[in-house]
Amino acid sequence: MPNKKVTIIQSSAVPLRVDNVDTDQIIPARFLKATTREGFGENLFRDWRYDKQNSIVESFPLNSPKYSGKILVAGKNFGCGSSREHAAWAVKDYGFEAVVSSMFADIFKSNALNNGLLPVQVSEAFLERLFTAIESDPSTQIAIDLPNQTISLGDEKESFAIGAYKKECLMNGYDDVDYLVSMKDKIEAYEQSKK
Amino acid sequence: MGKTLFDKIWDAHVVHSTGDGADILYIDRHYIHEVTSPQAFDGLRSRGIGVFRPLKTVATADHNVPTINQHLPIKEEQSRKQIAQLVQNCKEFGLDLYGLGHQYQGIVHIIGPELGVTQPGGTYVCGDSHTATHGAFGSIAFGIGTSEVEMVLASQSLPQVKPRQMRITVNGQLKKGVTAKDLILYTIGKLTAKGGTGYFVEYAGEAFRSLSMEGRMTVCNMSIEMGARGGLIAPDETTIAYVKGRAFAPKGDDWDKTVAYWRTLYSDTDATFDAEFTFDAADIEPMLTYGTNPGMGIGISESIPSEKDFTDESDKATLKKALAYMQLSEGELLLGKPVSYVFIGSCTNGRIEDFRMAAEIVKGRKVASGVTAWFVPGSKQVEKQCEAEGLTQIFAEAGIALRQPGCSACLAMNEDKIPEGELCISTSNRNFEGRQGPGARTILAGPYAAAAAAVTGVITDPRTFL
């Protein structure tokens, strides 16, 4: 389905200083039984946000009153494991518009892009500076500029990569299904050529 | 310049190049299941379009299904609804469904190969990261998200950027008692859980070539656990012999023509890879994981690493967090640790060969007291084979009732959950926190090691039984 257009995201951020965050942590399997895309945000990081007695874990960054914002800053290899798109839906549904990390798992990255959630891959050094800045001052503002493909922290700025096609989809809220359906003649010609 | 096996298959499936690096890739076969498809069908409905090539989709119910009393209605309401939705969607859109009660039902990555639907040289996708399994046949197979499931249903195609390519060569023969699972756990341990990110892997060398098709599927299945989108092994006589005669395999003249094409599927000697790794099979012993990602593995006789073994601060933090969750200590041996649950099954190790291995060890022995052993075949056909070969009887004599097919305790979407805090030795693919149930602790291993723990009640080197 068409997504909201993404251009510039300026916000404070929530730091999640953990590497190899897998999709089972982002949204545990027991919450995958829904047949719609809505409502996954309330179970985002369920088993890290709540303890075994279902009480809030105060120290977990998403629960901390210090941190808020539309940007999640996470350790490297974010979104590894399952292909469940529910993970991207949960991050988006919770209210994040972008995830920043030094490395994303491939399937999570494409799932995010397909849902108007911007994955911003930065260098390890820049990621570390982001963590340090946010942890010392949670009101730190981060600016992500999709048209210019940059992420800024104060005067520091880094460029990030994104495929031209995906960038256009995000900026215009386009969706791949319409594009693929419009390619029907080419797809049929391909099928004929293989007979 | 020569082409890799991956290049040959990719190039043969490009419908159109968009010009900015992405190709529209034709998909030969789309496997679907109940968990990642409902929202995709809703998308088609709201657009008012149908499935473009219904005959190229194969559906099954696996993630949510119970593994006992499958003839009864599913107790858990949401699971029952999700499966009912799949049945309804398949009916509405005219798709073949091997659902509960069907002779072909089973885990999606087990049934595709055993039916001969998965073949060399093809492109296969499914809304499940372990779609990589099908690469064992020398095909391009990878997991996709639900938006992409909708794309494939709508157009039988996907826009894809060609990944980088890696070759992993393991020379020499695996030692006795060392399985395909140990081979891949060793490889992931060397590359880490993120070492393959951005790559598609070709597995080469004698250790992989000597594996049966079942073993090759175990290896390719876990490609995703090092971050790779998929892994593949060039087809050879072993592959051809496996596919021959299966329900959906080509027949007659078509077979000969198809096999002639399959024989052209290999990486040219002058093909280049973006990354290469080489290991020696002689260095591999039965493997176990001690941590909370599949890259955290050690040989069965080794002790758990210590912080001092790592230089990177983030690796030290990962180790500390993982050991706290696993209730294990630095430098500790896993051998001799009591386990309370044993799970043999999943798309990694739920094939007939895995149950044959388990039976070798279980035969004439009893499950240790205090151990709950869940043996879950990957499909109805594997269940039937276990019965026909007398394995079901061997398990029964040991005190293990073979269960009914499904994903089961691999991801615990059904009732098969490992209780909080309990230690489970599992032949599945992931040891993530809570993967087998909230608070469950998972040690990944091959079927020999899992079966040895079932009969001794503690982590045991299975080679003492072989």
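Glycine too: its Cβ is placed from the backbone N, Cα and C atoms.
Since this is a predicted model, take the numbers as computed values, not measurements.
When the candidates B:Cys347, B:Cys386, B:Cys424 are compared with the [4Fe-4S] cluster site entry in TrEMBL, which names B:Cys407, B:Cys410, the shared residue is B:Cys347. Local packing around the binding-site residues B:Cys347, B:Cys407, B:Cys410 was summarised as the count of other Cβ atoms within 10 Å of each Cβ; on this measure the leading residue is B:Cys407. Other than B:Cys347, B:Cys407, B:Cys410, the residues of this chain whose Cβ falls within 8 Å of the Cβ centroid of the [4Fe-4S] cluster site are, in sequence order, B:Asp62, B:His63, B:Ile107, B:His130, B:Gly345, B:Ser346, B:Thr348, B:Gly350, B:Gly378, B:Gly406, B:Ser408, B:Leu411, B:Ser428, B:Asn429.
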